[in-house]
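So the structure is just underneath, and the comments pick up after that.
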């Protein structure tokens, strides 16, 4: 039986209102995950630097504001404006403010990773490129959001060049960050001989790829839907979730510094180990020290000691070969 439509109501009404509904529902789920991650971070890392805590809470508050804006926009279109198709044509203030707020969250994450890459690589070239591209994307997002209110939903696709620059630039930055962090972690993995450290770095590589590709896919899918389907609102589905993908990526990265958020396990490798006392930065939070040992005649030996929990391991260099042993002289498997 063919479906009948109310006169004056577009036949694709579901594609105009449905993405707004689903985008907000999925956004609520991501916001719930963000609340849990923020709670874990607050209890697990109370000694983090003030600027890092401020970054986390700034992102959380902005994402809360984004959730409120999205809810108001959905209420205006699906509740108070129910039955009045004309309410869908103009883009009111909640929708026009969302690109600006989402771009702020994305830029915070981009600048955070640019800083991490600079600390780990001690080179300013790639971090500078990331910051410039992120600022460009932020500018395009801000212009697109506030201009969309003037154009309305009917003429919103006149902003295609600006939206393409915004989302394309953000996707490019996400891919650059992901590839660079994976390269850094692979390099660290190759330089370690400890099985537990290698396993931990592999876990970090997985987290980096998953979170980086999630944000890149979110921005790219919004761009594709905006360009390919100009007659409906499908692009609002990923748009209403995009900021929460960025904020959850930040918290997932910070919380990955230890396996259990409520157990202080300093033996787990992480993307870094920030020490507020001396500003030290390292890919591995293990304490490693070199212990000189008087070598016997004709044999050159240097020893590196790594203390991890209740086991003490030694890397012994002898005749240009490396041996991993315990304190008792047994081979370490």
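Each residue's number is its place along the chain shown, starting with 1.
Cβ from N, Cα, C; glycine included.
Only residues 6 or more beyond the boundaries of the transmembrane segment (20-42), in the same chain, are considered here, and those with a CB under 8 A from a CB of the stretch are 56-57, 60, 63-64, 67, 70-71, 73-74, 77-78, 233, 236-241, 244-245, 247-248, 251-252, 254-255, 261-262. What TrEMBL lists as transmembrane segment is 20-42 (among others).
The transmembrane segment annotation in TrEMBL covers 54-75 (among others).
Annotated transmembrane segment per TrEMBL: 95-117 (among others), in sequence order.
According to TrEMBL, the transmembrane segment annotation covers 124-146 (among others). Taking Cβ pairs closer than 8 Å, the transmembrane segment (124-146) reaches residues 96-100, 102-104, 106-107, 110-111, 113-115, 117-118, 159, 162-163, 165-167, 169-170, 172-173, 176-177, 180 in its own chain, all 6 or more past its ends.
Look at TrEMBL and you will find 166-186 (among others) tagged as transmembrane segment.
Here TrEMBL flags 170-258 as domain 'DUF6534'.
The annotation transmembrane segment is assigned in TrEMBL to 207-229 (among others).
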Report task. Mind looking up the mean pLDDT for the domain 'DUF6534' (170-258) in the predicted model? Result -> 88
